[in-house]
Amino acid sequence: MALLVHVQTVRDLRGKGDRIAKVTFRGLSFYTRVLENCEDEARFDETFRWPIPSRVDENEILEVQVFNYSKVFTNRVIGTFKMVLQKVTEEGQLEVTDTLIDDNNTAIKTSITININYTTMDGTVGVWSDGEFLDVPSDPEGTFQFETDSLLSGRSHRSGSVGVFAAMKLGKNKSSKDDHRKDEAAILDMEDLDRKPIRLDPDCISLASCTAVTTNVSNKRSKPDIKMEPSSGRPVDYQISVTVVEARQLVGLNMDPVVCVEIGDDKKYTSMKESTNCPYYNEYFVFDFHMPPDVMFDKILKLSVIHSKNLLRSGTLVGTFKMDVGTVYSQPEHQFYHKWAMLSDPDDITAGCKGYVKCDIAVVAKGDNIKTPHKANETDEDDIEGNYDEVNLLFQLFFLRQWARFYVKVYRAEGLPKMNTNLMANVKKAFIGENRDLVDPYVQVVFAGQKGKTSVQKSSYEPIWNEQVVFTEMFPPLCKRMKVQIRDSDKVNDVAIGTHFIDLRKIANDGDKGFLPTMGPAWVNMYGSTRQYTLMDEHQDLNEGLGEGVSFRARLLISVAVEILDTGSSEIVSSTEVQVEPVSHISESATGKVEEFFLFGSFLEATMIDRKIGDKPISFEVTIGNYGNHIDGVSKTSAAKKKRKEGGGESDEDDSELIQQNSSEDEADDDADLVSVSSTPPMKPVITDRNYFHLPYFEKKPCIYIKSWWQDQRRRLYNSNIMDKMADKLEEGLNDVQEIFKTEKAFPERRLRGVLEELSTSCIRFVTLANKDQHQAGRTKLDKERLKSCMREMESIGQQAKLIRFQVKRNTVRDKLKIVQNFLHRLRFLADEPQHSIPDVFIWMMSNNKRIAYARIPSKDVLFSIVDEETGKDCGKVKAVFLRLPGKKGFGPAGWTVQAKMEMYLWLGLNKQKKDFLSGLPNGFEEIKAPRTASCLQSLPPISLVYNMKQVFQLRAHMYQARSLFAADSSGLSDPFARVFFSTHSQVTEVLSETLCPTWDQLLVFDDVELFGEAGELRDDPPMIVVEVYDQDTVGKAEFIGRTFAKPITKMCDEHYGPPRFPPQLEYYQIYRGNSTAGDLLAAFELLQIGQGGRAELPSLDGHTDSDRGPILPVPMGIRPILSRYRIEVLFWGLRDLKRVNLAQVDRPRVDIECAGKGVQSALIQSYKKNPNFSTLVKWFEVDLPENELLHPPLNIRVVDCRAFGRYTLVGSHAVTSLRRFIYSPPDKMQQNWASSGSQSVQDAFPVLIFSITMTDDIVLLVSNGMCSYRLVNLVYNKELEAEFDNFEDWLHTFNLYRGKAGDDDEAALDDDRIVGRFKGSMCMYKLPLSEEITREAGFDPNLGMFQSIPHNDPINVLVRVYIVRATDLHPADINGKADPYIVIKLGKSELKDKENYISKQLNPVFGKAFDIQATFPMESMLTVSVYDWDLVGTDDLIGETKVDLENRYYSKHRATCGIASNYSVHGYNVWRDPLKPSQILAKLCKEAKLDGPLYGPGGRVKVANCIFTGPTEIEDENGMRQTDEHLALTVLKHWEEIPRVGCKLIPEHVETRPLLHPEKPGIEQGRVEMWVDMFPMDMPAPGPAIDISPRKPKRYELRVVIWNTDEVILEDDDYFTGEKSSDIFVRGWLKGQQEDKQDTDVHYHSLTGEGNFNWRFVFPFDYLMAEEKIVISKKESMFSWDETEYKIPARLTLQVWDADHFSADDFLGAIELDLNRFPRGAKTAKQCSIGMVQNEADLPCISIFKQKRVKGWWPFVARDENDEMELTGKVEAELHLMSAEEAEKSPVGLGRNEPDPLEKPNRPDTSLMWFVNPLKSICYFLWHNYRWLILKALGLLLLLLLVGLFLYSFPGYLVKKMLGA
């Protein structure tokens, strides 16, 4: 879709002048050329086109403005024409003539004629014939398959006024609001004109990297890739640090746990903790690696807990947790801090959670800056089960993580290479007669540290497996990538054929509407080394997936699925072993319909071919998959061949017979079997210059074409292309915004609004486009789900962009920019398609039948679509392609030299769409077809193109200067020259010796450059210029420094040479060396067509030629910058730390300053050792510099040593690239008064200022001053003080001096090795003449110039007091993973070693030391604080060191000598420690700043420089309260930055955290040290003694625990005789960390009810740190340890209940652990005591024994049952009594029931006695106890029977008596 506007004429203009017109549609503006000296009519006759992403709405507006053009002033609007496009949308074409309206909305006489054309994609509106508009310069063929100018396109019209006019309607009446908007836009567009090819702003300088290439206006060329070197694959230094803090809730009874940390093959173990399920370790481990990022991030980090591991046995595994290193690295700050890892059992997935380990994990690569969370007080005890909110589980998903099965189905592979030599095969064939494929493939899948393999398919290039590899792993997994590798099975060793990584984040979505990982069935393409088989493949790494593959290896059909397991079900397999199972095969059509694809390529130019290749003929081969590969594609089986002939199947290989161009098979009758021509005819190269060849293609351009068959999955690539183009466009817009910031242009917010508007329209467009082809064959589940999530994401990005657009204001631009950059990351992530379809295209340069260099082009980039947004960004365009060496050869310097530069045209699409495949080529060619039978000539593509249109040009390269070049010589400088390449020509500038900032000021003229193609296209689309900068060496070849690209501004012979396009402006081009930058080039390039009249018609070259420069032409006047007179004043302070030169020490150095050819020398330092400062402080020189600050040349500082006999030796040099920070701007008087009056009124309105510092947490340091042991230091800076206060360079700057060759590593860390010293000084530059007001100021010293009121630089004696608080996370230095650190302090020649006070086996030592050193500035100004590791034998090792420049601190205006405390007190622990009182400091500051004051007034007010502050005025001392001004003065000091003109923040009392570095491991922190430095001049009053900050001493306590009774203890034993349940109960107790001091009660035998009576006392003495809530234990780690190690452990009391056994081990019944700081209050009775006291601990009121001192109650014993659930196993009545050591001494007690203060014996039942003590009694008891009811019943029955018996016995006699009456 496109809108074309043809601006024809403007008539009835008034007056005479230069006219320019601007046409705006949808916020995108175009400008016409300037018509000079027009009178009443201006004939513009220019056409503009808007490629548009969405249909034109009938309410949209087109606007044309006509201006009077002025070179100097802003252009004046003559009139405006606006029209609504309703008619155009209906009819498609319209010619309009109408009058213009002026600013007041009234019509004026002037009229305009324009013609509008509108075409849609479906052709519903405005279809035109090919003949129309043939004069359109940008698309002469009229094919109009335009690129959209939205984010969807790769085009870049750099416009800022996007969408400003969207709301305007046509008509003469507008609201005032619209008026305002119109003005705003007008300003903006004039500001933004320099974005367009027409430049009107004389100061237009673009700093975007490689601007010339990115401001690409035409449609026929695509952007080249600037960075040359592949970045992946190069090894990097990594350091992984793991702190195992503690473990909780480990499953198992009475364990002795050890944690094993395993990364790859490295294992490290913590110490063993005895008898605990919640051990506390706090142990720190460090692993060092040197490997490529891909390998590093795939390594598995595994934490395992092992029970009772010792020397003899490996122990039993409790549970493991694993994740890959990449997961940690992708976290913010590359770390997890204090997170809980959940353990699971890999052998039993039904078991559930096995416990938790709390850990910190950080991954640091070289150069990463990691902010560690500040470890002040680690009292953040997270309870796991209680408070869910605070639980820091890794990934918060831990409670949700479930077991899952990951199914990787492997179906079949195609196109495998030979993996065996033909020799062996021929031997086999001769002997056995077998003819086999030379490869035995199998597939190996690696995931989460586990491997699975399919079966081996013997001898098959097209193996079919139909197997699935099943992994069982927790979901979501913490391993990001799955590695799928085809390997060749071999008797000796298996080798990889190709590797593919599946990124699980790309095949899943964890959102609310997300989906589980799924993929395929889809083909994945594998790339690696070249296909010819060699025994020792030098690029084997590529097949392992390291680095960019250089050739297609194979493709594999796989699918991935995940199933969440229900671990409750019974039939589940509980092991996590990898399983391999067969699966059914899938049909051919499952992956999509096979289509025939056509790839066409044309080589328009092959230049810059490296001469090392030799002069054998060179040809180029293009391959896609195995199609087109002559040398090492694999022959197909006959079945596959037949299949393709029938047209049904799809095959990946090409016939080796079919490849030959002169094949004799009769294919002419069937287009389907068109022979592919995949390589160009060999051609001998021609010499360009000393380094490069080129191929003499001239007008005959060779072509290639390849037919190939692939599944039609273009939709995937199309969606990916749309998003890629959006992302490219967005990135370009963001670069624009950043460039506006960089060049300090106006209105960055408008450009950002424009970018956001474009983004939101593109998102809407994506949703409409991507929804097509829904029912295409072969769409997988992932395709459908990805489409849904992409559309959701696009809608959300679009809506957010719209929303943010309205929030962008000038003050919020930078914040919003960050949000928009996040959009960019999201787009890039979405654009990456995980399911491949068509393999990438490879271009190989062949010489002597060997592959030399290659380029790899993703197939999606050259894929054609009829919808413009979906087309690949390089499809049908000329692209500059740089070939590079394969594999490791391409690393480093070898990879920087271009192997060849190609201008290539590529087109890939369906064969049936191929009619337009030549449409993007530059016009003016004839096709040359292969000699074939006449019948099919029509359908054959050309084998070469012959251009009959040839244009002759002259190129002028204005090489002005370069800056910040790479130092290529050992002197630290270079001898640079530049070589300019254009087409097949090259020229060089002169060599300038010994500089990193050469000003060549040279014009290189390339005459008679022949370019082929149509003139109009070449104007818009000239070829690219390559500039290479080299360092000239006296011996050997010149050394490569860097390369940049540029595009010339073209002038055709019929154009006028004049504004706005000519003469061209100088621009900065970024120079790249590999992937890193190596400087900037300031140059301009113009390409002038030579017409019929020859060179005479060109603009003349007769600038002023320098007689002394001979034939060298300087840059002509219109292009070189306009100069002004500047004065540069230089402050020479001194030189520091100069290293030796050629083994001789520097003794008499001097500094030479040079800028733009002028300069000044410092005074000579007579003796560097005695005083390295300069005697004369300020010197100046005058120089002519460009008006435009961005063009200022660098200023060079060189230090030379003056030796005997007038010899000079270069010591080192420094180039100040930007002088902007040194430009002096006189203060604005008006503003100053306003500021002071404003601040006064503010102070009056708010008399009391509340002062608070919000930095990191407060740190409490100890001072044992007798009064109290705390000193509150307000600030802990989590970084160096220098980082907070701009290196203290407020007036004295430090310039590092460099010597030696720069390192070639990407990181700048190596530059530290090149530093040979430092120059201290400053500059000040200003335009002359200077206003007299400054020089007339009182006390102005003309000798000091602008450097008034600087202190003198005579030597000064200073007392330096260094306080070292502690070090954290030190790198282990001993084999045991610990270190024995101590402090060493060096200053000048003084060195203080604190070796005897080393801290044993500690990586987080608290030193708490103060050191005093006397020093003399400037000789001793660099303080080095080192941490060493003490060793018993051998020398001590350096762990790390930090350097502090004291001199800059001492002289800084921030007053870094002694931090200002937050309050003033004269005694107590917080005593004021500066020798000067606040009022003295304030008076001194006011005097130095020439301020009035301070004036202390009544009512606690003080006035300084019109600012009024208030504060308290009373202070308490020994004599009671008295009046003082100190508090007031202190208030002013704390707010000193608010004082106008002179104010700056004064340094508060603080602690700074400095990283420790090791010279051998640059860029990687070895730990941190917390410290601060005070400095006191010796000529002032002496300061008080140093504060005592020694570490807190733990306090001695004694915990007395009386175990009174137990109840309801579960009964474990069965009675031998009677089968009765009973237990022999005893209670064991200990304090955590002191298991060896455990204490047991006596045994309560034979408890039959679970009741036990003890009356037993435990006594636990311990040392406790109240502030940290930790117990301190000092003990030897082992019998071999030299000294004791100190541990800090949480205060926890463990009580356990056991069942005593005589002949077997005692049985553990249950336990309770009480945290002595917070534990639940005991129940009053045994009945009230329940398991809830443990389970709901968080909800219950807790007490602390340290506050309560004495507590008694019942607590439950708990244990876990078989189902891993808590059960109640008993209750204990205990009494806890805490006493300090002194109290305990006064009232001693005995252990158990001993004296003193014995407890009475428990009242136990007699049966608790043993059988053999009193067997009779026991038997009686047992009988009675068990059978008492029976006995009672029996007795009752017996009595009854007795009675009955007696009755029966006596009844007859009694009866007889009665009867007889006896």
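Glycine is no exception: its Cβ is also placed from the backbone N, Cα and C atoms.
No curator has checked TrEMBL annotations; they are predicted automatically.
These come from TrEMBL:
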- 664-673: compositional bias 'Acidic residues' (COMPBIAS)
- 1-98: domain 'C2' (DOMAIN)
- 220-341: domain 'C2' (DOMAIN)
- 378-518: domain 'C2' (DOMAIN)
- 937-1062: domain 'C2' (DOMAIN)
- 1108-1235: domain 'C2' (DOMAIN)
- 1341-1459: domain 'C2' (DOMAIN)
- 1579-1730: domain 'C2' (DOMAIN)
- 635-681: region 'Disordered' (REGION)
- 1783-1802: region 'Disordered' (REGION)
- 1827-1849: transmembrane segment (TRANSMEM)
Select the range from 1-98, 1341-1459, 1579-1730 that forms the most Cβ-Cβ pairs under 8 Å with the domain 'C2' (220-341).
1579-1730
Is it possible to list how many residues within the domain 'C2' (1108-1235) are helical, extended or coil according to DSSP?
18 helix, 56 strand, 54 coil
With DSSP as the yardstick, break the domain 'C2' (220-341) down into helix, strand and coil residue counts.
14 helix, 62 strand, 46 coil
Please count the residues of the region 'Disordered' (1783-1802) that DSSP assigns to helix (H, G, I), strand (E, B) and coil.
4 helix, 1 strand, 15 coil
Taking all residues of the domain 'C2' (1-98) together, what is their mean pLDDT?
86
Helix, strand and coil counts within the domain 'C2' (1-98) (DSSP):
6 helix, 60 strand, 32 coil
